């Protein structure tokens, strides 16, 4: 993505929450000298330097590499391709986006680096972080731990170095092949950062003959959208080896996945893989907006990264860019890959969970795990699946929120006239399930259910936000409503009615339930499906009730 900025790169506790505070807590809610012959420089305001690659007989047809801008195509050609790109963006696909021509990509970079005030190192950091988060979205460190980042001498290589640093902190084991280092302070700083993390740097000679035996992910950060012509040593041989990865697939030998940054190395920025014999990456991470060559990308995962395009740029170039979810630095674009549900699996890697390490009291053990889920920053760690059944024995499940836990049991609040409320009145037994995905943990709870006291329900009801109190009155939960507008109308009427009321009365049909556990099971995911399952059941010993802990087969 990035190109060399001429004359602009200068020198240069975890806390936990005591379980006793659970209810209170829950109520609140970013070199060219050895390889290239330079053409006359562009405008001094331009970030890019036109580069002409000395031709070789390696057979590689153009592409793009990050540290420079490719020669502009003719205006008419660019306009035709731009129009084709706009029209060919599948309008029926909600994830369709705009594709940039070479000229547009260059102009956007120039504006970002000029009047919009971005610096090369700032954009490189955002780009590298986007690449790392895209990889983490698809290729979990538990199964794709070993990453070889092959970095070219320009800004695309810089993106790869930044991505490798973030991947290290995400739990991957990166290795760097950086054969033509750039002596600019920005790049030497990135190398120093990786060396401080003890990330190994490998020469081309150090690489194994068969890359598939040593690595799970090959990060293609060699050439960006400025590259054209044929690659020179040692990159010609490296690209041949990357291309050879697909041939090894045909021999049923496991092959690492290939992730390309912005442009698959060796591709033409607009025409793509002209020869049809270039790299076939499994993932392409486009930066700013996809380039026209991305239309020829047929791998399963196409991500857009960067999240730095300001509205003036989007409006000027009529860019259609998808919204980024939450705080993510990347978003999946293009058609969703075909999914083989039967092949979906996760090889869990967790600390072993031993009987001698757990608390004798399952409520205390639950509080310990809950505190760790909160400390890990999990969204709604108190979310739990509640399963109930009426007198007909037909079970139903839904997600509710835990609002309290103590030695008496687990508490949640709801409408007593809802489906679950009706089922509990007929059959006062239920089960709860907590699932904390990033910790590879589940907790299952079974037991009898009773309503909490009216005083307890009143206290919690009035601790809720004003709008939630009105919502509880409006919603006749599980009953049929003619349309959403009816709920909004009733809400507005009650909002006006209670506008000057300090204490909104709790409806009689609303309150809490408490499940008194008779079984609690703690599940910790492990490799090869040899999961840890420790189950607590009450038993009477010498006239007093104690909890017996047993291990269950996974």
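Backbone N, Cα and C define each Cβ position, glycine as well.
Taken from TrEMBL, the feature domain 'YjeF N-terminal' applies to 105-321. Annotation comment: TrEMBL describes 155, 156, 157, 158, 159, 224, 225, 226, 227, 228, 229, 230, 262 as (6S)-NADPHX binding site. Look at TrEMBL and you will find 156, 220, 265 tagged as K(+) binding site.
In sequence order, 150, 242, 258, 259, 260, 261, 264, 265, 279, 281 constitute the residues six or more apart from residue 220 (K(+) binding site) in its chain with CB-CB distances below 8 Å. Residue with the densest Cβ environment among the binding-site residues 159, 262: 159, by other Cβ atoms within 10 Å.
Residue pair residue 156 (K(+) binding site) / residue 262 ((6S)-NADPHX binding site) shows a Cα separation of 8 Å.
On the 0 to 100 pLDDT scale, the domain 'YjeF N-terminal' (105-321) averages 87 in this prediction.
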